[in-house]
Amino acid sequence: MKMPALNVGHITTPEPHYIPGYTGYCPQLMYRIGNTYSSLSHRLLIDPSVSHSEKLILSDRSTDEYQVTRPTLREIDATGTIVPRHEDEDLRDTIYQKPLMPGYEGYIPRTQSKYGRRYAVVTSEGLSEFERECLRTRTQMKKLRHRTAQPISTISEYSLGDRMKVTPATNRSCGPGSGRPMFR
């Protein structure tokens, strides 16, 4: 014997309707009784006598224009390069170990302005940005440390003693009335 096909049209609530648990305003909901929340909100949203916003906050459930973009492992990785342990040992001894433990409520750098995505993705991206910036800063500091100092003789043609001599003719631009502070 063949089973009849089930018609689920009377079981599911037609669109548009608010989902159960929605805590926002639904006009005239408190004056209607006798049906489920979804079916009441559906009737209220399609009823022309009930005033509500022309632009509803509800979204279609169709997935035609919806795309999920997730970063690749290379994008999540801190720098995309392998740094030998002996060169940047202080960078690798970070207090943040990826992936962070779910539920951690402490400070995580570069995650304050990222909303609407999963915790693991946001924290991984934030830590990656932070580590990239730390690596860039450390590289600049290393370049400064290894930079050779410029000989003093090329800095100024005058000796220190000559530069310390102040004559009244050279000191006229400083003082009261010149608009510049006096420093001695």
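Positions of Cβ are set from backbone N, Cα and C atoms, glycine also.
What TrEMBL says about a protein is an automatic prediction, not a curated fact.
As recorded in TrEMBL, the features of this protein are as follows:
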DOMAIN    15-47  domain 'Ciliary microtubule inner protein 2A-C-like'
DOMAIN    100-141  domain 'Ciliary microtubule inner protein 2A-C-like'
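For the domain 'Ciliary microtubule inner protein 2A-C-like' (100-141), the number of residues in each DSSP class (helix H, G, I; strand E, B; coil) is 23 helix, 0 strand, 19 coil. Counting residues per DSSP class in helix, strand and coil order gives 13 helix, 0 strand, 20 coil for the domain 'Ciliary microtubule inner protein 2A-C-like' (15-47).
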